Amino acid sequence: MAIVTLLALQFTSPGPTLVEIGPLSIRWYGLLIASAVLLGISLSSRLARRRDIDPNAIADLAVWLVIGAIPAARLYYVAFEWQQYASRPAEILAIWHGGIAIHGAILGGTAALILFARRRQTPIWQLTDVVVPSLALGQAIGRWGNFFNSEAFGTPTDLPWKLFIPIDRRPLAYIQSEYFHPTFLYESLWNLLLCLLLIWLFRQGLRQRLPLKAGVMTCIYLIGYSLGRIWIEGLRTDSLMLGSLRIAQMVSIVAIAFGVLGLVWIYGLKRSLPDVVRPAISGESRSEL
């Protein structure tokens with residue numbers, strides 16, 4: 001019922017700034033990213049207990065991920081939109097103005113996670129499996145930053161859940177259109193459902209209802225997120241392009257292939273990774289998950 005009510009709303013951004021105190025300002029985008037990181041640490045710490053990973057290590061990992069993911073997300077975006085920054089290189093650092101790419105964040109975060117895992121001598125797949133639910137949750141939260149910045153929206157629409165875009169934020173091709181697909185909302189809901197699915201799979205594995213192996217949740221994330229992104233990206237008006245191809249869709253297709261091949265490798269070829277999920281311990285609180 002709540003989702004139905006939400007979809008009946010017309011969305012209008014109040015602006016990118018939450019509050020201004022003299023020369024200082026707090027922007028919605030930064031607040032949402034910070035909230036996503038904190039909630040992600042909490043969730044992954046709970047999951048880590050069942051993967052024989054020190055929960056305290058998750059906070060350390062989060063620092064590595066932020067250092068790796070956010071600059072990579074920005075540089076990925078700038079690389080494909082260089083014409084916007086060539087004459088204003090200082091604007092590259094103005095990340096609070098928007099303009100980051102999740103695929104860049106995933107690449108940078110993955111590199112940071114691999115380095116962290118090697119330094120801590122922790123199996124990589126154990127770490128990725130406890131991180132991906134938090135990643136999906138963080139994406140669900142972070143997409144609302146696009147709403148406040150009036151960016152990353154879709155094509156014009158008259159649907160009840162349409163999004164109003166100020167004239168100075170509209171593409172020239174749609175300058176006369178006022179309302180657009182709220183693709184931020186589509187992806188936010190998709191990622192939230194993906195997060196819930198991953199947590200459900202984790203719980204089923206703990207209860208030995210599913211033969212969950214290390215790496216499976218990572219593969220499911222790659223497939224699930226990418227399927228949604230291919231659909232949603234087709235609606236957007238500001239896609240990063242390589243010629244006539246949408247880069248996010250191409251990367252998503254590659255990610256799906258990796259996810260499917262990973263599942264085949266784990267289960268189909270009988271070369272599975274170790275089953276590192278501990279079964280639920282009698283008397284242990286299930287609320288930990």
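Any Cβ shown, glycine's included, is placed from N, Cα and C.
Pulled from Swiss-Prot:
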| type | residues | note |
| --- | --- | --- |
| TRANSMEM | 21-41 | transmembrane segment |
| TRANSMEM | 53-73 | transmembrane segment |
| TRANSMEM | 95-115 | transmembrane segment |
| TRANSMEM | 122-142 | transmembrane segment |
| TRANSMEM | 182-202 | transmembrane segment |
| TRANSMEM | 215-235 | transmembrane segment |
| TRANSMEM | 247-267 | transmembrane segment |
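Proximity of distant same-chain residues to the transmembrane segment (247-267), defined by a Cβ-Cβ separation under 8 Å and at least 6 residues beyond the stretch ends, is recorded for 80, 101, 103, 211, 213, 215-216, 218-223, 225-227, 229-230, 233-234, 239-241, 273. The transmembrane segment (122-142) shares more Cβ pairs under 8 Å with 182-202 than with any other stretch in the list 21-41, 53-73, 95-115, 182-202, 215-235. Counting Cβ pairs under 8 Å that are 6 or more residues apart, the transmembrane segment (182-202) and the transmembrane segment (215-235) reach 3 or more and are in contact. Same-chain residues lying 6+ beyond the ends of the transmembrane segment (21-41) with a Cβ under 8 Å from its Cβ atoms: 58-59, 62, 66, 70, 96, 98, 131, 134-135, 137-139, 141-142, 144-145, 148-149.
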